[in-house]
């Protein structure tokens with residue numbers, strides 16, 4: 001009988017502990033788990049136990065045994081991350097603009113003892129602290145900075161909450177601003193400001209585009225002129241090189257002709273052949289003078305071909321008086337010998353010209 005009674009009592013205690021753990025933890029005394037001697041604490045929860053009205057210990061997750069009548073579960077704290085909606089409130093910025101702003105608060109209980117005995121309602125206390133801190137931080141910023149520095153504002157609110165909530169055993173993980181509502185007039189002025197800023201930006205971009213276009217056109221003209229001047233320079237250099245090559249080639253050809261002529265003059269009857277050539281060229285050049293309509297100078301007796309030939313021979317004779325030093329003796333020795341034959345041949349040539 002005693003064994004059956006013990007088993008029945010154990011079953012009742014186990015059933016009571018399971019029912020207590022299934023209920024949601026609340027601060028009201030009616031919602032707290034009862035002391036059934038054997039208790040099972042759920043994961044991520046901390047049960048604060050008082051013995052005879054004083055703090056005794058904190059029950060960890062798992063199996064726990066309490067003394068009936070003496071021990072009492074006074075608080076149940078959740079160690080999970082808690083999400084709290086901060087109600088919408090009004091705040092005044094540094095430039096005297098009234099805003100309606102709300103947010104979301106993420107916190108976690110780090111010390112169940114401080115959360116139980118440090119403050120009456122930790123969640124409500126943190127919510128009120130978040131609202132007051134948010135109003136204080138918004139008063140330090142202008143309206144433009146509130147929108148631009150939203151992340152830094154959230155970080156400042158988190159730091160301020162953690163400094164004040166440390167004695168409550170609560171840590172604020174993050175704070176996020178949800179909505180910021182501005183007055184209608186301020187909203188209209190902000191729209192006008194945005195439109196003006198856009199027009200200004202469009203004007204600046206258009207002017208920059210015009211400037212860049214002008215710079216590109218000028219740069220293109222500059223490059224074109226540089227390339228044209230370089231091309232002209234290269235053309236002049238090539239033309240000069242071609243002319244120099246032509247002059248050099250002509251000079252070489254003339255020098256070769258002179259060398260061949262000099263070599264021919266040193267041969268037998270070279271003077272006679274040279275005299276005949278000079279006479280022919282003189283007569284030919286004189287006969288071409290009448291073909292041009294230019295003012296010319298005629299000899300004193302243009303009808304006398306003999307005098308013309310004699311004059312040409314005189315010119316050649318004057319040229320042959322200053323021969324090359326090496327060939328001077330040979331030319332002078334042959335000149336006396338060939339004069340008669342040269343004169344005779346010239347006379348015959350002149351007679352044929354007269355008869356024709």
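Using the three backbone atoms N, Cα and C, a Cβ is placed for every residue, glycine included.
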Of 215-252, 253-290, 291-328, the range Swiss-Prot labels coiled coil: 215-252
Long-range neighbours of the coiled coil (215-252), counting only residues six or more past its ends (CB under 8 A): none
Site of maximum Cβ density within 10 Å, from modified residues 145, 233: 145
Arithmetic mean of per-residue pLDDT over the coiled coil (215-252): 90
Neighbour count (Cβ, 10 Å) for residue 124 (phosphotyrosine): 11
C-alpha spacing of residue 145 (N6-acetyllysine) relative to residue 124 (phosphotyrosine), in angstrom: 29
